[in-house]
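Straight from TrEMBL, the features:
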DOMAIN    18-121  domain 'Ig-like'
DOMAIN    126-215  domain 'Ig-like'
TRANSMEM  223-246  transmembrane segment
COMPBIAS  258-267  compositional bias 'Basic and acidic residues'
REGION    258-327  region 'Disordered'
COMPBIAS  271-307  compositional bias 'Polar residues'
Amino acid sequence: TRSLTITSVDQSMFEKAQGEKVTLPCTFELSEEDEGPLDIEWVLIPADNQKREQIIIMYAVDRIYNHYYAAMTGRMQFTNLDPKSGDGSLDILNLKAADTGTYQCKVKKAPGVQSKKIQLTVLVKPARTKCSIEGSQEIGKDVTLKCVSQEGSPLLSYDWRRVSGTQELPATSMLNRNTGELLLKNASREYSGTYNCVASNRVGTDECSVELNVTPPVNTAGIITGAIIGTLLGLSVLCSLIFCCCKKHREKKYEKEVHHDIREDVPPPKSRSSTARSYIGSNRSSLGSMSPSNMEGYTKTPYSQVPSEDFERAPPQNPTFAPSKVAAPNLSRMGAVPVMIPAQSKDGSIV
């Protein structure tokens, strides 16, 4: 018995880039014997056999149902707005890497049933490719140019080319297309220039560039000597600063100690004039207790012990009495200040 037939059997595998659009074909022909209602289903078959098939869109009883698969909501639709005309193809917009999988188109119209599987692979183009240089850029050294794409589906392939000078890679270069490394052995000044790396896969390419500048070796000995001299100079300056700071600190500390030693509660030292007055006053007291009998011994006291400062003479208590007959020594010869010697009256009082 002749029944419906799926006619789109040409292509069963598709490779597309992320962000692009794909049309999965599913055209069919009905027969006169197929009298039941027409149903068209698109099913996603998971790679894990333990998981169930997931209906993503369906046409039944002249209606379209596309709310079964949330991951593709708003990104899928039937190619023909009237699938019963014989075209049940599916459009998927803005492809994502997660859309990779096996899709099956099922067409049912009793008693006929037909299906077709299509493999879809969504690839990510190379993106955010970065170039770098590893190693010393000196004459005679080995230099490695590196190229890595941060995004991109495998298998990625890398290719280096020179875009300045002879535009040919040096004869000593070694390229690894899988890792993106270009080794330049025994580099010379002629290797200097701009190098370009192209990362590619089956759906796209991305590029980056790097500038190589091969220079003569650096004078390491001179750098070390300069560093040592600079360090010593720095240490000497630092020591000088520390010494000056310590010296200034000691001076401040000394001034502070001297300032605290001068206490306000200690009376100032007596002047020499006051000392002389005190000395004379004490001698007067001693003379007052002397009698005429011991005056002779007193007069023999050396006047050199009396301070030489001037002092005020005490006025006589009774000017009516005559001075004593006791002769005072020659004070001018002794260099001492003349002192008035009190005399004793008849009643024994001292004047």
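Glycine too: its Cβ is placed from the backbone N, Cα and C atoms.
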Within the domain 'Ig-like' (18-121), residues counted as helix, strand or coil by DSSP: 9 helix, 50 strand, 45 coil
Confidence summary for the domain 'Ig-like' (18-121), mean pLDDT rounded: 91
Within the domain 'Ig-like' (126-215), residues counted as helix, strand or coil by DSSP: 3 helix, 51 strand, 36 coil
